[in-house]
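Report on one structure; see the data block that follows.
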Amino acid sequence: MNNLILVKYASEIFLKGLNKNKFERKLKENIRKKLKDIDHEFITDQNRWFIKSEDLDGVIERVKKVFGVKELCLVTQVEGDFDSIKEEGLKKIKESKAKSFKVETNRANKKFPMNSMEVSRAVGGYILSELGDEIEVDIHNPECKLYVEIRGNAYVFTDKDKIKAVGGLPYGMNGSTMVMLSGGIDSPVAAYLMARRGVETHCVYYHSHPYTSERAKDKVKELAKIVGRYTEKITLYVVPFTEIQMDIIEKCREDELTIIMRRFMMRVACELSERKKIQSITTGESIGQVASQTMEGLMVSNDVSDRPVFRPLIAMDKEDIMDIARDIDTYETSILPYEDCCTIFVPKHPKTKPRVKDMIIAERKLDIEALVNKAIDEMETFIFE
């Protein structure tokens, strides 16, 4: 008998038709990268994936964070005969100390002499005969579900042996995006959600030294590292933004400051994406959450983008976003009290319904191309693996 980890990938991958093999290969590649310093063996048994290792806890901790993996199951491998299956099933039920149970069988090996229903009945009957009045069958609400997978070998486990994973699609299968990362709660969640859909994720942070401290920058670097735990690696570009902000403050109306700054952030992200061959922009904006995130404000920001702008949080409540932040371990870092460039120089009464034509007129006073290029030329680059 061997204890193995059964890897179940997202059902969405099954629907990829002729591209299914590409997604499977990428997912296997990503799993192997996560386990590069853990001794392990990858086993395929009739289209099921298993991992064998002396460090099962270490494997579980890493693989459950691989995008595309839906669930992990700690299974016991036995010989593919009924006697071995029933004995291991009895052992699992005894260990569970449950008062009721149900058996579910998946017989992929069609050479096995019993079908799935017959195996479930026979294993259940054997357990009842051995445990007598200690336990009963409950097919609707059992305390313990016993699962039997019959392939080349047989694999037995219970619902207590299941570990939920992150799901999604294999990282790197769906293009690339530049996430406008701040030190807040929202943008790290947006980065995570895009990565979860298989999008290669890069980040840009706008740093307003000396108005924002080095601790604010360190906070954003830490957020990028946390998101990077779910990806192969993550790159953070730190762009100096003070000169742009001061020029806007000097030459533009106060109520237009926020939206013009947002337009410059979008321009910088687009130009940086062009240089790095990144296909899209992602922000952590949610409709109506703050004054600049009205429908009109978002349209005015989009106006300066030359590529798709994704907003994965657009219809989410703040509480929902905070829940995800807690789940992915960014929340405690995000709430550290260090200001970013979005929280300084905020006008008392920002425009909530800006118009593109008004912004174009206001920006004529600014040397847009020179400001954008200078900021990018002076940026810092950090790579976290």
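Positions of Cβ are set from backbone N, Cα and C atoms, glycine also.
Same-site candidate for ATP binding, as annotated by Swiss-Prot with Met180, Leu181, Tyr205, Tyr206, Gly284, Gln293, chosen from Arg229, Arg262, Arg307: Arg262.
Overall, the recorded ATP-binding residues Met180, Leu181, Tyr205, Tyr206, Arg262, Gly284, Gln293 cover a maximum inter-Cα distance of 19 Å. The predicted model assigns the domain 'THUMP' (57-160) a mean pLDDT of 97.
Around Leu181 (ATP binding site), the same-chain residues at least 6 positions away in sequence with a Cβ under 8 Å from its Cβ are Ser187, Pro188, Ala191, Cys203, Val204, Tyr205, Val220, Leu223, Ala224, Leu236. With a 10 A radius on its CB, Gly284 (ATP binding site) counts 24 other CB atoms from all the protein chains. For Met180 (ATP binding site), applying a Cβ distance below 8 Å and a minimum sequence separation of six or more within one chain yields Ser187, Cys203, Val204, Tyr206, Met265, Met266, Ala269, Ile281, Thr282, Thr283, Gly284.
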